[in-house]
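Before any comments, here is the structure.
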Amino acid sequence: MTAPTIVFDLDGTLVDTHPDLIGTLSWLLEAEGLDPVDLEQAKSLIGHGMKPMIEKALKLQGRGLVQDEIEEVYGRYVVAYRQRIARDSRPFPGIVEALDIFAAEGMTLAVCTNKLHALAVQLLEELGLASRFAAITGQDTFAVRKPHPDHLLLTIKQAGGDPERAIMVGDSEPDIRAAQAAKVPVIAFSGGYTAIPLIDMAPTLILDHYDGLPQAVRNLLAQGGTR
Ligand SMILES: O=C(O)COP(=O)(O)O
Ligand SMILES: [Mg+2]
């Protein structure tokens, strides 16, 4: 039987990236002569990719941008973010231990993120985690991104896995919607950055701490074909 594949979202799920994502956003807003956005509000903008986050943050501060301006501001953001991508961003408590357990139990691990692929790889390399994953895919890896189910399904395929024996772990709407559309069970982590209450999206289960993740995964797998 194919080894189970556990697919992780990155921002707000594997790594608490908000200090560097929002730190760079604050720098950008200041450079534009705008006020910073409130931290909790800014966190809830993470999950659909950096360009939508920047656009929404600027709009909240009264600045609507035309397409050319968006591209220009986004380009500056990416250059600045790359330089501090892992300065303060750290894996969430308990997640590295859970990854160790999954690897020891022979499971395949993958990352499916709406970050740009190169930035996802850079972040995971700087944190010494990249080699644990059989596949790392970003918003620009395929023609579609989360919440499109194919982003998840193609990630599972790239990792050599089977959607019938896969589980998604994520923190926000794109993860939960992608998994539900792909008919893959989804564990939602409450320590991330969701804009919508997790309970309203009816994930398979909600976890407040990763101590419980290995057992939660074993239980779901024991329930048979996960689809
Ligand atoms: O960069 C983002 O907005 C989202 O990234 P995520 O898919 O890893 O949460
Ligand atoms: Mg996320």
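Placement of Cβ uses the backbone N, Cα and C atoms for every residue, glycine included.
Among ASP150, ASP162, ASP171, ASP200, only ASP171 appears in TrEMBL as part of the Mg(2+) site alongside ASP9, ASP11. Note: ASP9 (active site, nucleophile) has non-local neighbours VAL111, CYS112, THR113, LYS146, MET168, VAL169, GLY170, ASP171, SER172, PRO174, ASP175, GLY192, i.e. same-chain residues 6+ apart with C-beta under 8 A of its own C-beta. In the structure shown, across all protein chains, ASP11 is the one of the binding-site residues ASP11, ASP171 with the greatest number of other Cβ atoms within 10 Å. Surrounding the centroid of the Cβ atoms of ASP9, ASP11, ASP171, where the record places Mg(2+), the chain contributes additional residues within 8 Å, namely LEU10, GLY12, THR13, LEU14, ILE46, GLY47, THR113, GLY170, SER172, ASP175, PHE189, GLY192, TYR193.
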